[in-house]
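Some notes on the structure that comes next.
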């Protein structure tokens, strides 16, 4: 391959990587910020908040909003103006610390939401009692605290303007890079994904058993069945909607996070390998693509909830309708008092 052809390919790949970094990141930032803010508002409504699982969703939405606000602005300005996280050691360390802490928090909140679904769907009374607002509140505080303590090391391991690194803000030494990769892959992706898979399958099994038990019980007393059918149907619809929301988000977050973790290991173990400019350009493109993919996983849960959950969608519609009515009342009041 001639040098001129290689140079053209490198320029093309770098340009695509730059445009991907800017425009897709801008799109994810706008839709992710709006989506997570709406998630927080909708999940704070009494109808959903009375369910402990929704409290975990609420905490996860706060963490996802933090991920987007902390992680994306520096990527959007890349190539346009100087990215201070690449040159300022303090900003580099602070960004990585907050970003990874929020990522770990978001993943483990979904793990505990899955465990809560398993407990609440159980036919055993003592296990159902574990699904409570008090338990959820305590777990959320513990998860936030442990996640932030876990990534304090990034304040010492990361630095700006690191030579021979795929990105400027990177681990200072091989030991730091290996530790960070292992910690991120295990605490934020592998272990949470395994737990979510296990308890997700157990939840599906519990729901199946509960439905069979309900049919057998109510078939023995038709009057009791008629009296309780409407109430149980409403409760079951909320439970099933929350379970579907959870399982979809678990699958989405896992699929969006795994490629980055795998490629992160590859970069760490090949950082001292001599690479051609074309290979470096390709690897930088993959880094940017994988980073964008991880942010997508935190940006679109609101839109998945809206499309797939009837309860969430109805709550959102009622909230919008109520807001419009209040705005009309406010404008009418201002009009008659001017």
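Cβ coordinates are placed from backbone N, Cα and C, and glycine is handled just like the others.
A TrEMBL annotation is a machine prediction, not a hand-curated record.
What you are looking at is a predicted structure, and each value in this text was computed from that prediction instead of being measured.
Your range for transmembrane segment, going by TrEMBL and the list 182-204, 205-227, is 182-204. For the ranges 20-43, 308-331, the feature annotated in TrEMBL as transmembrane segment maps to 20-43.
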